[in-house]
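Data block below; observations after.
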Amino acid sequence: MCPLWLLAALLALSQALPFEQKAFWDFTLDDGLPMLNDEEASGAETTSGIPDLDSLPPTYSAMCPFGCHCHLRVVQCSDLGLKAVPKEISPDTTLLDLQNNDISELRKDDFKGLQHLYALVLVNNKISKIHEKAFSPLRKLQKLYISKNHLVEIPPNLPSSLVELRIHDNRIRKVPKGVFSGLRNMNCIEMGGNPLENSGFEPGAFDGLKLNYLRISEAKLTGIPKDLPETLNELHLDHNKIQAIELEDLLRYSKLYRLGLGHNQIRMIENGSLSFLPTLRELHLDNNKLSRVPAGLPDLKLLQVVYLHTNNITKVGVNDFCPVGFGVKRAYYNGISLFNNPVPYWEVQPATFRCVTDRLAIQFGNYKK
């Protein structure tokens with residue numbers, strides 16, 4: 001457990017670069033998931049970082065739940081075997097950490113009076129029931145981490161101020177239309193590790209959202225879901241059962257710059273599919289069943305990283321990665337992985353990688369027979 005003085009000190013340093021875990025927020029996640037900068041929030045008026053503590057009322061230092069650690073406006077009640085949300089939480093609390101307990105239900109008045117709460121951590125409890133008004137008092141809540149619980153549905157009536165929702169590793173099978181209604185500031189949703197199938201997403205389930213980041217990994221998807229927010233910059237669908245990428249699958253995601261499709265069963269990527277991703281910088285297709293390098297990579301002028309290791313690729317053509325000729329303007333690759341494929345790497349022509357910054361950026365080897 002982090003010392004409380006360290007938690008408080010790191011609170012001020014939590015404005016990390018986009019999609020990188022930094023300092024304070026590391027303690028809330030144990031699965032290496034990337035963290036979003038508050039400046040990525042789609043509603044500029046919502047925040048530019050951690051709330052201004054000086055603008056809040058004086059701290060109620062005498063109020064601290066039994067067994068918890070309270071300092072500044074951080075209340076840490078993790079790893080205490082709690083069965084319910086504790087009482088006597090200071091009304092000026094901005095971060096409440098309740099992870100690693102035995103809480104099974106969130107009741108109507110559990111968070112009453114916590115109108116300044118910015119982040120709520122409920123990871124790794126036994127929550128299966130949430131009152132429809134449980135989050136009503138949390139008018140300034142921006143980060144809700146409720147992963148690794150027993151939820152079978154996305155909680156109703158989430159605060160309209162919410163920017164980031166981590167709800168992975170639950171038992172959710174359905175995302176109904178309207179469940180995210182009114183969440184115009186939502187920027188990041190992590191919902192992997194749920195038994196979601198393609199049929200579990202109702203048409204219009206993501207209507208109104210302007211997400212930057214979405215992860216639905218380790219689910220039961222057999223294809224790229226339709227009608228995801230077209231504002232996405234990052235989409236991670238790794239560890240699913242996707243078998244093919246068809247022409248129309250990526251049509252609406254022209255703003256993507258990172259696409260994760262590793263650890264699926266992809267055998268075919270239809271020609272022209274990748275042409276809808278003009279801003280793509282990073283493509284993960286490792287651990288699939290591809291027999292050739294996908295067509296269209298040379299036309300992605302911003303693409304810099306391609307993971308193709310652990311597939312069934314038998315041949316790499318001289319124009320598979322780079323445009324024909326040397327005068328075509330494009331970003332240089334700084335990472336291409338092709339190891340663990342049945343391609344004789346000694347037969348690949350050196351000119352194949354003429355648009356790579358450094359030969360060390362090319363990962364061959366581990367020849368797979």
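Just so it is clear, glycine is given a Cβ too, placed from its N, Cα and C backbone atoms.
Of the cysteines Cys64, Cys77, only one is given by Swiss-Prot as the disulfide partner of Cys70: Cys64. Listed glycosylation sites: Asn271, Asn312. The one with the lowest count of other Cβ atoms within 10 Å of its Cβ is Asn271.
On the backbone, the CA of Cys77 (disulfide bond) and the CA of Cys322 (disulfide bond) stand 54 Å apart. Once Cβ contacts within 10 Å are tallied over all protein chains shown, the disulfide-bonded residues Cys64, Cys68, Cys70, Cys77, Cys355 are led by Cys77. DSSP gives Cys64 (disulfide bond) a coil state; it is part of no helix or strand. Counting every protein chain shown, the Cβ of Cys322 (disulfide bond) has 20 other Cβ atoms within 10 Å.
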